[in-house]
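Everything below concerns the one structure shown next.
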Amino acid sequence: MKYRSQKIAWLFFATSLVLLVLQVLYGFIMGFAHMGYDVFHEWIPFNTARAVHTNLLVVWLLSGFMGSAYWVIPEEAGRELVSPKLALVQWASFVLVGVVAVIGFHFNWWEGRKFLEIPRPLDYLVVVNVLLFIGLVGATAWQGRRFTTTGITLLLGLVSAALLYLPGMYHFDNQVHDSYFRWWVVHLWVEGVWELIMGALLSYLLIKLTGVDREIIEKWLYVIVGITFLSGILGTGHHYYYIGAPEYWLMIGGIFSALEPLAFLGMAIFAMAMMRKGGRRHPNRCALHWTIGCAVLSFVGAGFLGMAHTLPQVNLWTHGTLVTAMHGHLAFWGAYAMIVFAMIMYTMPEMTGRNCYTGWIPEWAFLTSNIGMLAMTGAFAVAGITQVYLERKVGMDFLDVQDAVQVHFLGLVLAAALFALGIALFVWNFISFGLPADDLKDEPDQTERQPLKEAVT
Amino acid sequence: MLSKSAARLFFLGGTAVFSLVFLALTIDTLRQIPKRSNAEDMTDAVKRGHDLWTFNNCMGCHTLLGEGAYYAPELTKVVERRGKPWIRIFLKDPEAMFPGRRKMINYGFNDGEIEDLLAFFEWVGRIDTNGFPPEPDLAEKIQATQVVTRQTTSDHKALPQPEMFRTICMSCHALGGKGGVVGPALDTVAAKYSRAQLDLWLKNPQEVKPGTSMPKLPMDDTVRRELVDFLLSYQGGNE
Ligand code: HEM
Ligand code: HEM
Ligand SMILES: [Fe+2]
């Protein structure tokens, strides 16, 4: 840790993990409901469980991004955070809004639009909160000595994510408009500006962990986020095929969204190449595993499984089935959950001064959670493909099809148990790191002092 | 090779160009949506139905236009699939139509709210969605491979199916191998029951057999007579 104020990140990471655990619990409620054991129906009906599950996901990822920004920005800018006190206020209000929203979902207080269920009055609080956050990291970057590509990309991602929240706050009477602008938030977040955040954190971690020259890493960062926007903006069209928007979206959305996997492929190749090129063997192997794992699984979940149903000819049949859930899980896990985990794993030893990154616990946390998530994806895939054939292709009744795929939800719940074990180990690992210490490491980063010679182009 | 400033230019330039194209397409889309969605038919009832839809987060179990959750049926074409009378009965008490199966919340909607929801669903069903949801394209092929054991259509003795039978009873009962599985198949009821028994049963099943999962369905006397006539005529029933 270079600056004392960086340790505010710990609060955000701890918050992330608490919310993740809750998210998983609500996931189990839904898994069991799909299996036919809808035992909580009276108190937590499926739509409540789902809103809680997905909103907690978004909130804990944002919390992880904010924590990461509070860690990275001071270091990239070369100064303390402008006001650690206000950052604490920002954290507290963020948690408050999240908790109130989730409690509200249990009392029919929501907006009934997938992923944007947070009711309007709370939306305004979210805006104030995010403005405060952007103000803090923005001012820190502004007053700092230097502007790095990594820092700027991260800031750009955070600011655009905040701006793109606004179209989701408008009320439309027409369901088609409603849906059209809902995607400005949902799609342009995960397949646009969040990739900027992910790319920036990825290059921060690669600079730290592999020791490859910053100039090279940051050049490729530009290329990758360039491909992201080039394909991702018009790729929004893959959500406009069948909602009442004009027919040309079939063509435009199909072509550009088919290019989107290139950005993820780019990240995977980039991470692998830098790892190989880097001469330095950073002792924190576990952080490197999460970093490389993130780059690879984001390609599998978002790139490959996204591609599997993005062409209009395929999407006509799979649209709005469990196939989408299959893709949603591995994409969110690979791209965004894993980058947050990588940041946590990298920063915790720096923050606490304890080296709890060796031994069986962090290793098994990595293995079981990833194997569990891949198995969950498989269970969703089998259920989803069966659903597409029986319901959409053959025309069987919805509920009869759901009975036919019930058994795959037993598979899902078993896989989820393995996944949850991995999460439990990770949380245990996090706890054993303890609280942040106050010792600062003043020496500048090795990489910045002496760029490696073999790292050419 | 590629320099860092060239890479930056690629990023900034590409983003700017494609954002502008996207905005232009959005303007054109907004111009076309009113026509494609028949915005002029969006009555106050449709808007109230839409608000009920979002207020209760129905999308947290159902999909509409293919968006939402995967726990309950896709509802874009629900009016076409089930018909209004069926949906009216269903929304009054969801469990009545699917006893013992996956549960929907019983919202206790009043008649006005149900009509608003119906207006909303009817309007959604007419949006030009470029062909979603698609017609099942394997259904025909599968039927073609099966041996037809019973010629239901050429049963000259049977009366034509009443509307009510097709839209309501068939969702729970099968006839001639087609229909729901909640209740028993009705092919042989003519042999089992008399006219009076059937009439009494349809009037109020709960009275004949308390606790049965066949709901008391609202219908007037003529419809009930039609139904009983039809059931008795089916498969050469003994008048
Ligand atoms: C990290 C990046 C990504 C994440 C987190 C992600 C996540 C999701 C989620 C949660 C949904 C469901 C959204 C909803 O119905 O409200 C979805 C839908 C979809 N995604 Fe992705 N996705 C990512 C990248 C991609 C990519 C790169 C592609 C294409 C190559 C893609 C193709 C699709 C398609 C076609 C749908 C619509 C499915 C349907 O019609 O039901 N996704 N994605
Ligand atoms: C124990 C673990 C989990 C279980 C049992 C589980 C189960 C489920 C179920 C049953 C659904 C609802 C599908 C439907 O609408 O019918 C769902 C939705 C979703 N879950 Fe999970 N989940 C788990 C963990 C996770 C994790 C760790 C993530 C993110 C990394 C995640 C992301 C999502 C997303 C994005 C959706 C919405 C998908 C869509 O709309 O297409 N889940 N989950
Ligand atoms: Fe998308």
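Backbone N, Cα and C atoms are what each Cβ position is placed from, and that goes for glycine too.
Look at TrEMBL and you will find A:221-457 tagged as domain 'Cytochrome oxidase subunit I profile'. The transmembrane segment feature in TrEMBL is assigned to A:12-37, A:57-74, A:86-110, A:122-142, A:154-172, A:184-207, A:219-242, A:248-275, A:287-308, A:328-346, A:367-389, A:409-431.
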If you average pLDDT over the domain 'Cytochrome oxidase subunit I profile' (A:221-457), what do you get?
92
Among A:57-74, A:184-207, A:367-389, which stretch has the most Cβ pairs under 8 Å to the transmembrane segment (A:122-142)?
A:57-74
Can you tell me which recorded stretch out of A:12-37, A:86-110, A:219-242, A:367-389 has the most Cβ pairs within less than 8 Å of the transmembrane segment (A:248-275)?
A:219-242
Are there three or more C-beta pairs under 8 angstroms joining the transmembrane segment (A:154-172) and the transmembrane segment (A:328-346), sequence spacing 6 or more?
no
With the transmembrane segment (A:12-37) as the reference, which stretch in A:57-74, A:154-172, A:184-207, A:219-242 has the largest tally of C-beta pairs below 8 Å?
A:57-74
Can you tell me which of A:57-74, A:154-172, A:367-389 gets the most C-beta pairs within less than 8 Å of the transmembrane segment (A:287-308)?
A:367-389
For the transmembrane segment (A:154-172), distant same-chain residues with Cβ under 8 A (at least six beyond the ends):
65, 68-69, 72-73, 76, 113, 116, 120, 123, 126-127, 130-131, 133-134, 137-138, 141, 178, 181-182, 184-186, 188-189, 192-197, 199-201, 204
